[in-house]
Amino acid sequence: MSSVLAAYEQFLQTTEDRGFGDQQFVQSDTLKAEIPVFVLNTNDPQQRFTLMNFCLRQAVSSSAKSAIKQGALLSLLSLQATSMQNHLMIAARAPDAALRIIEVDAIDPPDYTLTINPRSGWDDIKIRAYRALSRDLPISLADRTVFVSRDAEHAVCDDMDTYLNRIFSVLIQVWIMVCKCMTAYDQPTGSEERRLAKYKQQGRMLERYQLQTDARKIIQLVIRESMVIRQFLVQEMLTADKVGAYTNRYYAMVGDIAKYIANVGMSAFFLTLKFGLGNRWKPLALAAFSGELVKLKSLMSLYRRLGDRSRYLALLESPELMEFAPANYPLLFSYAMGVGSVQDPLIRNYQFGRNFLNTSYFQYGVETAMKHQGTVDPKFASELGITDEDRVDIMQSVEKHISGKAGDDISQPRSAFTMSLNRSAFITNNNPQDLSGARLSNYEQGWSGIDQDETRDTLPESTMHRFQNIDSTNSDHNELQMPEFENDINPFNHPRFTARAPLIPEISHQTPTIRMNRNVNIRDSTRDDRQDANEDRSSNIPDDILGDLDN
């Protein structure tokens, strides 16, 4: 039997192995679109700054074709190099690249009229056409410029230090748009603004040369559509990673942003390793996990064999990326997401509510994480010399502060209640259809499918003590026990509690006979008060008015 299991493990590794560089297989050339790129033959800062603005306008132009926008971005990414043409040779090695080098002798700042070297073979018609493209900006851009500041485009640039600050401010924004270009480009997450604020604080980006939001989105779509640009960017990130700590300003910036781009599209795989295998808890010994553990082992071997490019599989559109999809290990993925929802408050930003999410193993992961929040690793404790008394003290301290809290509750300030309420305890009877079409939260999707009668059996032990005072037949008593939630279509939001007026004691604790007699007395007294009020009102009417009515 052991030989069969070993053969199965080898079989999985063989199915994921791929041989690269085999001389027997040569890919056929495909048709390519010609990409015009501009190369400036001078290092004059004013000329380079003007070409930078010209390339930005070409990249966001409403009339420019895709190849023209791609060439403008490649030219923009090479404006920091001493020799632009040598730097563009990195992009020329791409299989789909058909670059046409356009040598520019000079460019006029006011209207972006190009002076093309005769070797490029351009006539006045193309020069006028590109000048018209640079003027045709989208109507969504304010002040007819790509920058937030309206006067930034036509500022004087007479020294190299000023030019470098401006070109790096623009390039760092282009690199920021690479982070989400292949995964969640149409989902605003706020990460873009946080990274812009980070580089402003570090002094790497000038706020005056911040691009407008619509301009950045257009640039992101150009990067998403172009394999040539993405292969060029991957090569730049690999270069920044290999040069080490002592590097120039540009590659230091690229190496920093590359940390955000690495392993994009593989979050499910790494989160499963972190929360599923990293804790080394006993549930990994389940027989249901045995097959998926072998799969994860083969995937880790595949990741190492792919080398440096394994971090950028999404940018390169590599077919190996499909091997790391969580559908290949659904049970371990569901269990890991349950553990992560308790341990990491930021896991709620990750959309793990997939069709293959197993709610039973998700709930089991939640219970396992809650059970182990106060435990101590025996091996590491022995290395630190922790005694049994210290271990008990540590477990009690942890249990005191975070026991019974979900991952979202740990990061929030303490409320007016002595104990924070776990959202998993307040599961309503509402069906998913009752939420007016709103998407269920990750945590609610994980707890979906549980009947109200089964809630007490499936919830973790740390939350069960909250139901001990609710089992009462008195409806008034039940209303006093539970706080009233504000109306919110998303039950996963943090509950805010409103003060509930107490019931009147003399009404709620009287017998029906006493209540009926009390109501009769109230009606009689009310009728007498109305009669007295009518008599007083009639006595206050003036006599002349009564006389006129009699006549």
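Going from the start of the chain as shown, residues are counted 1 onward.
The backbone N, Cα and C atoms fix where each Cβ goes, glycine too.
As recorded in Swiss-Prot, the features of this protein are as follows:
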- 1-404: region 'Ncore' (REGION)
- Lys180, Arg195, Tyr260, Tyr350, Arg354: RNA binding site (BINDING)
- 405-551: region 'Ntail' (REGION)
- 508-523: compositional bias 'Polar residues' (COMPBIAS)
- 508-551: region 'Disordered' (REGION)
- 524-538: compositional bias 'Basic and acidic residues' (COMPBIAS)
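Swiss-Prot feature annotations superimposed on the structure.
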{"residue": "Lys180", "record": "RNA binding site", "Cβ neighbours (10 Å)": "20"}
{"residue": "Arg195", "record": "RNA binding site", "Cβ neighbours (10 Å)": "19"}
{"residue": "Tyr260", "record": "RNA binding site", "Cβ neighbours (10 Å)": "15"}
{"residue": "Tyr350", "record": "RNA binding site", "Cβ neighbours (10 Å)": "15"}
{"residue": "Arg354", "record": "RNA binding site", "Cβ neighbours (10 Å)": "16"}
Tell me, by DSSP, whether Tyr260 (RNA binding site) is helix, strand or coil?
helix
Can you tell me how spread out the RNA site is, meaning the largest CA to CA distance among Lys180, Arg195, Tyr260, Tyr350, Arg354, in Å?
29
Assigned conformation of Arg195 (RNA binding site) - DSSP reduced to three states
helix
